[in-house]
Amino acid sequence: MTALTESSTSKFVKINEKGFSDFQIHYNEAGNGETVIMLHGGGPGAGGWSNYYRNIGAFVEAGYRVILKDSPGFNKSDAVVMDEQRGLVNARAVKGLMDALDIDRAHLVGNSMGGATALNFALEYPDRIGKLILMGPGGLGPSMFAPMPMEGIKLLFKLYAEPSYETLKQMLQVFLYDQSLITEELLQGRWEAIQRNPEHLKNFLVSAQKAPLSTWDVSARLGEIKAKTFITWGRDDRFVPLDHGLKLVWGINDARLHVFSKCGHWAQWEHADEFNRLVIDFLRHA
């Protein structure tokens, strides 16, 4: 297979959905087959490609059409200020993307904020989702064991409010378990993405004031989710507590949980090969 690159897979589409009128969404796309839409997290400078470039090739080789979507306000998608909880608004944008691309049904893979988006999508549009894959998703309220917000979330908001290279480095040191993975290339790429889009930083903070994290909690509705669900968590996640994985397994009727040892908040990146094998097997056989 020809090597996939960000530029060779980059596309744009206009969506029209509640809250979005001719709103431009950027995404990366490759492959043919059942559609898998991958949804990134909410850190400064995040985007679909940077979140999932270690995964897209394996899923394409396995026979899937893969879409890495930039959420509204992130990376190359249009700017936005949200006055409702972000997971719900992002879910509407996923539906808008699917409508624009004539995708009737898709499997969703969501990390952190992207996991909150996927949960909301499964609740709001149950007929449009195939299988649901979650990695340390937000949107599950308080923890039984960890003070909230956790250390990583505090650093995330500090980086939004006072962006600096040093704060970015501190956040990534909490983000990943294996510190050797924090290379200058990783830091520089993320820092350039942050600097490229300063409006994104301001809009995220304004949106967080209008709809704070406390409004994201969908725990009481987990029993409504009918999609077969695969949940992964890093044992050493310092952004979203591990006991939220148990909350999902208790709440969703058809769910299973895999915990990665020596893993932080970015399981699909830090343990990419194992993650790819597990999720592809789940998509094929569950």
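Using N, Cα and C of the backbone, Cβ positions are placed for all residues, glycine too.
As the structure is a computational prediction, the values presented were derived from the model and not from experiment.
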Do you know which of Arg190, Arg256, Arg277 Swiss-Prot groups with Gly42, Gly43, Asn51, Asn111, Ser180, Trp266 in the substrate site? Arg190
Pick the one among the recorded positions Arg190, His265 whose Cβ has the fewest other Cβ atoms within 10 Å in this structure. Arg190
Fewest C-beta neighbours within 10 angstroms among the binding-site residues Asn51, Asn111 belongs to Asn51
Sparsest-packed of the listed binding-site residues (Gly42, Gly43) - C-beta count within 10 angstroms: Gly42
Expressed to the nearest Å, what is the distance separating Ser180 (substrate binding site) and His265 (active site, proton acceptor) at their Cα atoms? 15
Quick one: give me the count of other CB atoms within 10 A of the CB of Ser180 (substrate binding site). 6
